[in-house]
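A short worksheet on the structure shown next.
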């Protein structure tokens, strides 16, 4: 059955992504099976992504076709970077790999901000990176769980144990503004309206601002950051696959983080 992109944006991109783009999780000689090099083998499924995308009907369904393609490219570039298993000489190249990890390897801490009284950490729990976007910190797990119907503070492990929940947290992060931060969705579909503070911080619309939203405190306002370049490499590859221009302002080298 053919789907209209205008009405079924999320289903359209699910088809495109898993049948085309996410061959990077599969070795070209493995008859379509997930490569054993990916610890998340079998976790990120096509069906789970479709179900998760239905929770956010505006995802890939805002703006003209080129805008939707760029949003898709940006989203999958970010999650590919966060979960990549690629390396410089990997089959099909390092940017042909992603969704290889569902959980942060050897986290440096339990990512508990004890000063956040609205979303207090639960004893013994770790809020390290999990899922496609590598959701981190109690102040993200708490509201994500509240929005999606699970207890993110008491049961953060569900993000690495349930594929649909994992995708839903990634899409929640993508679609939800956390002021003063805009949402990644707003940036990629042209709904971002910079404030005076944004203008002063040189936070210009484009893929670079999405990186700023995702991890700007560690990666932005510095030149030639390898992590930023990796995100851009994925984004440019997806834009090429979708036959769409990547647009301007791809990095955040001269942007102040939020």
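Each residue, glycine too, has its Cβ placed from N, Cα and C.
Model, not experiment: these values are computed from the prediction.
Positions annotated as transmembrane segment by TrEMBL: 6-22.
Here TrEMBL flags 34-252 as domain 'Glycoside hydrolase family 19 catalytic'.
The disulfide bond annotation in TrEMBL covers 38-100 (among others). Residue 38 (disulfide bond): 23 other CB atoms within 10 A of its CB, across all protein chains.
Every protein chain considered, the tally of other Cβ atoms within 10 Å of the Cβ of residue 82 (active site, proton donor) stands at 23. Positions annotated as active site, proton donor by TrEMBL: 82.
Long-range Cβ proximity for residue 112 (disulfide bond), meaning a same-chain Cβ under 8 A and a gap of 6 or more residues, is found for 121, 125, 126, 127, 137, 138. Look at TrEMBL and you will find 112-121 (among others) tagged as disulfide bond.
Residues annotated as disulfide bond in TrEMBL: 220-252 (among others).
The two recorded residues, residue 38 (disulfide bond) and residue 82 (active site, proton donor), have Cα atoms 13 Å apart.
Cα separation, residue 252 (disulfide bond) to residue 100 (disulfide bond), rounded: 26 Å. In this view, the densest Cβ surroundings among the disulfide-bonded residues 100, 121, 220, 252 belong to 252, judged by other Cβ atoms lying within 10 Å.
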